[in-house]
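> Got a structure here, written out as structure tokens. Questions coming.
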Amino acid sequence: MVMQMIQVLVFTTMITVISLLFSLKETAASMAKPGCPEICGNVSIVYPFGIGKGCYLDKRFEITCNNSSLPRPVFHPDEENEAEVLHMSLEFMRIRDWTSPVCYANYTSEGRSSVQFVFNPLKPFSFSHTENKFIGIGCDIFVYIGDSNTTNSIVKNYISGCVSVCNGQGWSWLDTNYSCSGIGCCQTTFPEDLSIFEIRVGNMSTWADGGDWPSNQCSLILIAEKNFSEFRQFDVSFSNVNKTYFYPSVLNWAIGNKSCHEARKRGDYACGSNSRCVNSKKGNGYTCQCNSGYRGNPYLPDGCVDVDECMEPNNTLCKKGAFCINTNGSYYCNCPHGYLYRDDDNHEYECARNKGKLKAAIFVSSGIGIALVLIILLVIGFWLHQELKKRKKNKLKQKFFKKNGGLLLQQQISSTSSIGSVEKTELYTIEELEKATDNFNASQVLGKGGHGKVYKGMLLDGSIVAIKKSIIVDERQVVEFVNEVFILSQINHRHIVKLSGCCLESEVPLLVYEYVSNSTLSHHLHNQDHASTLSWEKRLRIADEIAGALAYLHSYASLAILHRDIKSSNILLDENFRAVVSDFGLSRPIANEKTHLTTLVQGTFGYLDPEYFRSGQFTDKSDVYAFGVVLAEILTGEKVISSSRLEESLAIHFRLAMKQDCLLEILDKVIVDEGQKVAIPAVANLAKRCLKLSGKKRPTMREIAAELDKLRTMERTLPQQTSLDNYTVSGRSYSYASTSAVTEEYVLQDQEFPKPDSMTA
């Protein structure tokens, strides 16, 4: 029972609030056209009437309002007359009309005198027969209303009339009685609204006897509102026949002169929404009324608003426990839950308990209660599941952190003095990097190698990065990954790839680098579509930038570093062909002796130092040898390993050509076509020195970088000369078949060089 009372209270409160909102909306609605004056003096303006251009329906409904201290609204019922408006509504307009005495001194002995009041048939106004009465004031007179077409016959088209006599008392009665009951004054109603009509007055005695009119007899004729009783104002002696008398009169009005059926077909149909059209009883024009259940101005587009019947004062629409619910244009009565609204024995509706519904309500309430308990349990269970999942995920992240070398990285950090620089490395979450790469979509792959795949990604701040997803299959590769993070965190050089951060909480470790947009040096050298974009000037600059980066690693970095995997595919190029050295997975920090001893030879076939392969000792000169191979690639444009050559290794092929002075024959056609370049022979000689089999005979990277700097300066300052002919064998063409002895010598020197399938990529 308590629940039912609460339900009724809540529901009733909601209905009351909603109804109040609608009531406020209805009260606030103006009867004038929006944006137009709403009042003149103390008269409220009702559209289709209006003050000012655009504020009335048409010219017939124009109201003027003077701007005096006592403003009054005036309208013009016809072209010659005007009348002050006392009040207006949607049904009628109350005006201040006037009249003057009608005297008979100049009329004929026929005893008839007429005064005609004409309203233009095109005007929408007529005297209301329900709100007005017809009044005649005078002695021994009869007055009547007839059609304006009436001829001299006083009975033709008769509408209404009355008779006034004075029984010898003259006019004295009017001074004391102020009544109009046939003695000196008569009044009557008329059966229909009048728009165009004629009022006539006649003297009964003269009419009957055929005599003359009294020389000073006058009378007053008026159509006044039905409760008019101010007869005291009239001067019944008619001492001033020019005096004007004012009185209130009520006019009805209609829209146009078309029926509803005809008006709906026209573009100027005046009725707004939620309204209906009503034909004028006189047959000319129509009026608009709000539909049942609506209230307001039906002539405005949305002037009819819903009436909240439930909020009406002293509302008794719903009885015996029922509550009222408002709807658009209507309402209905409802009962609390478990009750029915039905007819009782006295044929009055009441709320009676619905036993069947009560049981159903108990069942439903129980079901709802059980459902709520289940929902709460489900929510708690889901929360616990999420918490356990979160804890499990955190434990898994910690496991991956250890597996991916997080502890090893911390040890390396603690054993060096570069802790501060490592701490600046951003630690990304796996969720950030998955979102950046569209869950490591294959379409985002930039490249892949022996140490993993590289994806292009966009971080939340909009920056583009390269994300390396390492392939970890054993502990050795974990060490390689940690080395790369540790080493790159020590380096700050414009030609060495920048490490933005890493992620150790995923199944495989992830490195986040700066994104270098123009692919690799290998791609541009060995792809026929791109080789022509690498001029000799660009190639020399790229070689100089690579040498500078390696010299920095070997000699200038805070901790000397051997790259151990220099190759053209690890040299990135940006949009300006700036060289950036990348892939430090095999790199190692070294002590002052510049060597690193390994039990497992690692590297890329074709770039591998033969001395390192034989001894297992990687030195800074091993990086020099690999750089020499890259120089040979830059000069020749050929791949490091090729089955189309007699010698598969580019290093052997290049040394043989230099031995036999056949440089011009192996140079890249792009370089040869450019013409005179003085530095080409010097660079070729430098590459030859880098490729010497004995590491001690090779130059250092500092020396190489210095020499390339000088060559670039020389090319920019000195005039171009033809120097390539010094390396051309005149009078004979080079043939590998005729130099088999020389080839055999170099092959024997490199006989311990490993085959591709025996190398670790």
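Cβ coordinates are placed from backbone N, Cα and C, and glycine is handled just like the others.
TrEMBL annotations: computationally assigned, not manually curated.
Checked TrEMBL, it gives:
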BINDING   LYS469  ATP binding site
DOMAIN    306-345  domain 'EGF-like'
SIGNAL    1-29  signal peptide
TRANSMEM  360-384  transmembrane segment
> What residues, ordered by sequence, lie under 8 A Cβ-to-Cβ from the residue listed as 'ATP binding site' and sit at least six positions away in the same chain?
PHE440, GLY452, LYS453, VAL454, TYR455, VAL508, LEU510
> How many of the residues that make up the domain 'EGF-like' (306-345) does DSSP mark as helix, as strand and as coil?
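DSSP composition of the domain 'EGF-like' (306-345): 3 helix, 16 strand, 21 coil.
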> Helix, strand or coil: which one is LYS469 (ATP binding site) in, per DSSP?
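It is in a strand.
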